[in-house]
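Database features (TrEMBL):
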- 34-96: domain 'Mur ligase N-terminal catalytic' (DOMAIN)
- 112-317: domain 'Mur ligase central' (DOMAIN)
- GLY114, THR115, ASN116, GLY117, LYS118, SER119, THR120: ATP binding site (BINDING)
- LYS223: N6-carboxylysine (MOD_RES)
- 339-468: domain 'Mur ligase C-terminal' (DOMAIN)
- ARG388, ASP412, ASN413, PRO414, ARG415, GLY466, GLU470: meso-2,6-diaminopimelate binding site (BINDING)
- 412-415: motif 'Meso-diaminopimelate recognition motif' (MOTIF)
Amino acid sequence: MYLNDLLARLHEDPSSPKLLSPRGDNPWIDRVVHHSGNVAPGSLFACVSGGKADGHRFAASALDRGAVALCVERALDLPVPQVVVPDVRRFMGRLAAVLYGEPAQRLTHVGITGTNGKSTTTYMLRSVLQSAGVKTGLLGTIVYHDGDKELEADRTTPENTDIQSFLARMVSNGCGACVMETSSHGLEQGRIEGCRFDRGGFTNLSPEHLDYHGTEEAYFQAKKLLFEEYMKPSWKGASNRDDAYGRRLLEAYPENLVGYTREEPRPGDLGATLKSFDLTGMCLDLTLPDGRVLPEVHLPLIGTYNVENALACAALARTLDIDGETIRRGLASMPQVPGRLERYSLPGGVTCVIDYAHTPDGLEKVLSTLRHVCRGQLWSVFGHGGERTTSHRKALGEHAGRLADRVVVTMDNPRSEDPGAIAEQIVGGIQGSGAATPWEVRLDRGEAIRFALDGAQPGDVVLVSGKGPERNIIFADRLVPFEDRAVVLEWMQGHPSVGGEQDPHDC
């Protein structure tokens, strides 16, 4: 699309954007990019300010790579057309949406926010939508899936130009819907500009990212932006009535949001009764908004808090007029979610569970769940990320000391911090938990996992938490390839099962 046509279709205030093109050039634009390393001939390079670098510094390099226009916050002394706007990051999302043909308008677009449960809920809803015959893409913490292929995610909510490119690929691949996690960072930084959602879901909120947001209230206000700024006029959604912040959203948007609860549901809400659960999954009865009960819904996931995620999924599905039997099929057939209570049956009757839980609330929920299904000792192997909310470290230790039988403190993503110092803070929490739980510090994460697996006895459960599906350990100056899953599988290969083979994904 020619640059002048692209700008004309934006319907922006006439005073913004301002096009500087002294020679009257009107180049053909193939793509909008924000990273100079991704520039190709025909690119419009967006000079994003803030963060660790100012994109304006890389404008000349982008031109050398073939960029034919720039989006800037201040005019640069460079001989190409420049679109001058107050906020490049927000503007480039709208620009990319128009360039790629407004792909979000051709999809049923569902955004899900909250502290815990976003990834699992998106996987559930994708499975339900596909059971309803709707090919569905996914954008989230674990993978980006365009309907045909999946790509490892580098963060929960991609940059807005990348989102628009993914959405366009979903449309091209025949998708009718996209389910997407929307993080507080992504919402506040404008990474979902160019998107307007048909449906929105809120799971829960507990203190996280306070190093970035400052206060829990500010964190909530960032989450709330999904509903305040990024929904279509006729939007609907679902919110957790059992969460204080979820209730605030239900009060703020009574005409748009349906509630869901594990308590006695109000008229119009969804409810659930947990019938049974073990290490293979759970069975529950769902109460639909019209009061009908959908009995004996099987969920092949462990973790009783997944009842809330199933409720969020079912509530959103009902707002899309998906019937109860389709919801039942979709939930029963969903795959394991990588790094979300991902279960491995080990030789000798030991179970290893890999989970992303990295907040005190998340770890407490996972340990409490496993405590109820563990026949032997419960092991907890975890650390905490550097440059993250430091107050979490003591709380993580307290929960592990109180709920686990054996604790192994290890490295997570230390970034620029000393892993040993992080471990000391966690150990302080274990010692302050009031329990006499045995603990070890083994900073080498692979060694820590192997130590727990070697020590586990029949009936024991080993929880390895904090990193989930991540494929690297992050240091200040480098990424070191590492997967919890790979360590477990390697250990299994060296410890063949007695009396036959076992499926490492026993689900």
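The backbone N, Cα and C atoms fix where each Cβ goes, and this holds for glycine too.
What TrEMBL says about a protein is an automatic prediction, not a curated fact.
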Quiz prompt | CB-centroid shell, 8 A cutoff, ATP site GLY114, THR115, ASN116, GLY117, LYS118, SER119, THR120, site residues removed | solution = ILE112, THR121, GLU181, THR203, ASN204, ASN309
Quiz item: Other than ARG388, ASP412, ASN413, PRO414, ARG415, GLY466, GLU470, which residues of the chain come within 8 Å of the meso-2,6-diaminopimelate site, judged by Cβ distance to the Cβ centroid of those residues?
Solution: HIS358, GLY383, HIS384, GLY385, GLY386, MET411, LYS467, ILE473, ILE474
Quiz item: Quick one: Cα separation, GLY117 (ATP binding site) versus PRO414 (meso-2,6-diaminopimelate binding site), in Å?
Solution: 24
Quiz item: Between LYS223 (N6-carboxylysine) and ARG415 (meso-2,6-diaminopimelate binding site), what is the CA-CA distance rounded to a whole number of Å?
Solution: 26
Self-check item: Positions whose Cβ lies under 8 angstroms from the motif 'Meso-diaminopimelate recognition motif' (412-415), at least six residues beyond its ends
Solution: 358, 382-387, 422, 445, 466-467, 470, 473-476
Quiz prompt | C-beta crowding around THR120 (ATP binding site), within 10 angstroms | solution = 27
Self-check item: Secondary structure of SER119 (ATP binding site) (DSSP, helix/strand/coil)
Solution: helix
Exercise. Quick one: pull the CA-CA distance for ASN413 (meso-2,6-diaminopimelate binding site) versus GLY114 (ATP binding site), whole Å only.
Key: 22
Quiz item: Which of the binding-site residues listed here (GLY114, THR115, ASN116, LYS118, SER119, THR120) have a Cα atom within 10 Å of the Cα of ARG415 (meso-2,6-diaminopimelate binding site)?
Solution: none
Quiz item: With DSSP helix as H/G/I and strand as E/B, how many residues of the motif 'Meso-diaminopimelate recognition motif' (412-415) fall in helix, strand and coil?
Solution: 0 helix, 1 strand, 3 coil
Quiz item: Counting only other Cβ atoms and using a 10 Å cut-off, which of the recorded positions LYS118, LYS223, ARG388, ARG415 scores lowest?
Solution: ARG415
Quiz item: What does DSSP give as the helix, strand and coil breakdown of the domain 'Mur ligase C-terminal' (339-468)?
Solution: 51 helix, 29 strand, 50 coil
